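Each remark here refers to the structure printed beneath this line.
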């Protein structure tokens with residue numbers, strides 16, 4: 001269970017604030033970008049005149065077509081997750097001493113999804129621009145539907161947990177927000193967090209990136225170079241994610257954060273709306289960068305995505321070989337750390353202190369943030385709202401780095417202190 005580091009009042013207030021304000025923010029972001037020319041000032045003026053009633057008036061009502069799109073997409077991804085073949089992959093040992101098993105078929109599902117989506121458009125069966133035209137209704141349906149989904153997860157955690165990595169802290173708000181189960185499943189093979197985080201959330205990022213590109217083409221008869229750079233970089237990033245999906249199952253999202261509002265609602269709603277927002281902005285705000293500048297941005301973005309990937313690959317290879325590998329051409333520097341599981345077993349982990357992981361404890365967040373900047377900067381600087389995702393991601397990753405440090409300090413004790421003495425900086429070498 002996630003530990004709280006603030007007073008109970010601050011903890012509850014922050015959770016309730018996110019529960020209350022994240023849903024309307026999604027609608028406000030969409031409304032401002034699509035209907036107010038991306039101008040926060042115009043949106044502020046609208047609410048200055050109309051007050052709370054203005055939010056009620058602009059909030060799209062979920063329509064049948066929105067529900068159909070969500071259901072067809074979700075069902076398609078669930079079927080691919082279940083039926084596509086994939087390598088058997090074991091996740092890390094859980095706090096209760098369990099080791100989850102996955103089927104790594106994400107990359108195949110990704111290519112099948114994009115090929116199907118583009119094929120439906122190419123042969124005139126389905127126009128992806130329809131998704132953009134009903135985007136507000138889709139986001140509205142996702143907001144309410146995902147909230148109900150999280151309620152069902154909360155109930156499942158109480159009455160039918162999938163493993164011993166579950167339980168209540170005794171507080172409804174915390175249980176609902178952080179979740180009851182670490183690895184909730186339907187049956188033995190359908191992992192709910194893999195579905196929400198990877199197959200619905202991350203897959204929607206690629207699908208919507210393509211959608212925005214097609215919509216701009218429908219409006220203007222061409223696709224601007226800024227949109228091309230944005231779309232290519234987003235697709236490269238998501239392709240990297242699914243190529244490395246088995247590694248993602250070792251991260252905090254899967255291995256430490258339980259399935260509650262924070263993770264599941266975030267992946268089902270926040271990822272499709274906020275993470276894709278630079279592309280959403282560019283639909284109606286095309287920018288011609290010129291070939292030279294577009295290539296510079298594209299190359300810089302791809303380089304950052306590669307460095308981010310190589311950081312994760314380096315650590316994954318180090319763990320896979322139990323430290324018997326080369327890191328930047330040399331034997332890796334490491335710390336052998338022991339810890340005790342909640343069931344009382346003593347385990348050991350290897351902490352890598354060289355390569356990318358010798359620069360800072362979470363250096364991989366630097367190229368991650370820069371990647372987001374490079375697929376956003378094609379929008380230039382007329383409206384700062386296009387950069388909301390970059391700002392949000394920076395705050396999220398800095399907070400995640402602190403939470404991970406706190407968790408590892410509690411888990412490894414003196415070994416983590418030694419690790420921090422060897423790798424002094426948390427994220428930015430020489431600065432922080």
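Cβ atoms here come from the backbone N, Cα and C positions, even for glycine.
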Checking feature assignment: transmembrane segment per Swiss-Prot, candidates 41-63, 64-86. Which range matches?
64-86
If you check Swiss-Prot, which stretch out of 371-393, 394-416 is marked transmembrane segment?
371-393
Where Swiss-Prot places transmembrane segment among the ranges 172-194, 287-309:
287-309
Per Swiss-Prot record, range annotated transmembrane segment [choices 195-212, 321-338]:
195-212
Could you pull out which residues elsewhere in the chain have a CB under 8 Å from any CB of the transmembrane segment (371-393), counting only those six or more residues past its ends?
29, 32-33, 37-40, 225-227, 229-230, 233-234, 237, 274-275, 277-278, 281-282, 285, 287, 289, 294, 297-298, 300-301, 304-305, 308
Which stretch from 12-34, 64-86, 107-126, 227-249 shares the most C-beta pairs under 8 Å with the transmembrane segment (261-283)?
12-34
Checking distant contacts: for the transmembrane segment (107-126), what same-chain residues at least six beyond its ends satisfy Cβ-Cβ under 8 A?
76-77, 80-81, 84-86, 199, 203, 206-207, 210, 214, 238-239, 242-243, 245
The transmembrane segment (136-155) touching the transmembrane segment (12-34) per 3+ Cβ pairs under 8 Å rule:
yes
Chain residues in Cβ proximity to the transmembrane segment (136-155) (below 8 Å; excluding those fewer than six residues from its ends, i.e. six or more beyond):
23, 26-27, 30-31, 34, 59-63, 65-67, 69-70, 175-176, 179-181, 184, 192, 259-261, 264-265, 268-269, 272-273
